[in-house]
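Residues or ranges marked as active site, proton donor/acceptor by TrEMBL: Tyr395. The FAD binding site feature in TrEMBL is assigned to Thr164, Arg165, Ser166, Ser167, Glu216, Gly217, Thr218, Leu219, Gly220, Ile221, Ile222. If you look up TrEMBL, you'll see 54-232 marked as domain 'FAD-binding PCMH-type'. What TrEMBL lists as site 'Important for enzyme activity' is Arg267.
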Amino acid sequence: MNTQTSRSVEQESLIGALQTLLPACVIEDAPEVLKAKAQDRWPISAKWSAEELQSHLPLAVVTVRSASDVSQALKFAAQHQLAVVPYGAGSGVVGGVVNQRGHLCLDLGGLNGKPQIDNDNGEVTVPAGVLGGDLEKILNQHGRRIPHYPQSLALASVGGLVATRSSGTFSSKYGNIENFVVSLEVVLPDGRIITTRRAPRSSTGPSITQLFVGSEGTLGIITSVTLRTLPLAKTRRFSGVAFNSIDNGLKAVRQLLDEGITPAVIRLYDAQEAVHIFEKSEIAGNDRVLLVLAFDGHDAVTQAEQQVALKITAQHQGDDLGAVPGEVWERTRFDASWLDRGNAGAFSFADAIEISASWQQLPGLHGAVLNAIAPYVDKAFAHYSHFYSNGGAIYFIFFTSGKDKRESESRFHTVWDITLRTVLEQGGSISHHHGVGEARKHWMKHEHGDSLKVLAALKQALDPRDILSPGKLGLNEIKGEQQ
Ligand SMILES: Cc1cc2nc3c(=O)[nH]c(=O)nc-3n(C[C@H](O)[C@H](O)[C@H](O)COP(=O)(O)OP(=O)(O)OC[C@H]3O[C@@H](n4cnc5c(N)ncnc54)[C@H](O)[C@@H]3O)c2cc1C
């Protein structure tokens, strides 16, 4: 345990009591530890001033090793009216772990025991702190996989992937995290430990498991996750198709899905973003948009699907570029160095805003957002990252800067505000997969309208003292409106 010179008497006694209560846990309050756990990958928090950082520092960081540790810590926090924030692996990009000074940070990285693989039933039960990439490697050694591949697979904990309702690039065929989660062990705010029903599917009331998927640490702390697994894919085939317009690309994708073709990966890049893949593929882009498809599974099936898909894309004037653009995409799919480069300058930001919308809304939204944010960005472009039979997700990437901290931050927030407002005005949803955190909490009442009161009522019932991740999901903003 490190000593922090500026500890108050009250802090000293709280930390001492915690150590007595949880002798097996590492409890730290060294400034560098508190600083690291006060933030995630939200670009704004990376540029906090010393004063801003101070106002978000946890009281202490407790690395828990079991659900029982979490339970004891929560009971302690309730007694002492301390806020508790679960910290997965800190790869969140919207400030999910950011909270007011003085909270107790529960670092779940210590929940990292061996996954229990049940190949007979195609399931695995894994402690919540295990990283997604590590789980995938272990499963692969047993001939299994969970085809849930967010770009941050190696950076994110399994519990975090569930708590944020994350999405992976193979979602068109396999679905998102909610489609893999079978059951959860959760520690409720009052310290009770529950395990939700484990079954392939049930019709026994609303899914209690799904209540915690996307709850971002507000309703309980997920300590263990049971997920479906699949055998390793026998084949993966790629196609790159160039179109002269986004509209043609979208029409082709829609027809693919309507006709029951299910590529695992469907990504449609606008001309500005496609340039990067065209360059790496050594193909002349000629200002065209690029569709990347990946077919994953049985050899004969993927071959047939690819053939039909290419017939459909040709009907929409798609130019078949062969496998290379898809292979380039696969090789670089976990590389997010643009984010680090774009955020490297003291007064510059790079960020992504992912939203979802119906087929009717998608094409209009793409142009509307890029036009509206144009005065505030140095550069912006987008791709359609996920598709469903009824619509898809657009992933806007922007770079902005200013002459000083104030101006650059003001531009950053303006881009976010304009984007989310435009999305809501046109009927879309303000997040497809990164979640709410700090970045979207003020928009939740506009996103959900009156139905947000249902979530607020659940929060009130489970956590009447508002111990867990207070202020998150915009729930405090509708306090008093509940009847
Ligand atoms: C380069 C990069 C690429 C990314 N790509 C994707 C992507 O493709 N798809 C995608 O969906 N996301 C992506 N993300 C976002 C991020 O990786 C996900 O949100 C991820 O699920 C966060 O997991 P984590 O363990 O890091 O959680 P954290 O950042 O630690 O926490 C996120 C939120 O969940 C809560 N939380 C964490 N663990 C638990 C738990 N066990 N119980 C209860 N609450 C908990 C936290 O309090 C916080 O509110 C990306 C991020 C980066 C940096």
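Backbone N, Cα and C define each Cβ position, glycine as well.
Here the features listed in TrEMBL are placed on the structure.
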residue : record                               : contacts (Cβ under 8 Å, 6+ apart)
Thr164  : FAD binding site                     : Gly92, Gly96, Gly214, Glu216, His433, His434, Gly435
Ser166  : FAD binding site                     : His148, Pro150, Ala156, Gly160, Asn176, Ile177, His433, Gly435
Thr218  : FAD binding site                     : Lys459, Asp463, Leu468, Ser469, Lys472, Leu473, Leu475
Gly220  : FAD binding site                     : Val186, Val187, Leu188, Pro189, Ile194, Phe212, Leu462, Leu468
Ile222  : FAD binding site                     : Pro86, Ala128, Gly159, Val162, Ala163, Leu184, Glu185, Val186, Phe212
Arg267  : site 'Important for enzyme activity' : Thr169, Leu291, Val292, Trp329, His383, Tyr384, Ser385
Tyr395  : active site, proton donor/acceptor   : Ala352, Ile353, Glu354, Ala382, His383, Tyr384, Ser385, His432
Where Tyr395 (active site, proton donor/acceptor) sits in the secondary structure, as DSSP reduces it to three classes: strand
Neighbourhood of ligand 1 - recorded positions from Thr218, Gly220, Ile222, Arg267, Tyr395 with Cβ under 6 Å: Ile222
Structural state of Thr218 (FAD binding site), classified by DSSP into three states: coil
Cβ neighbour count (within 10 Å, all chains shown) around Glu216 (FAD binding site): 23
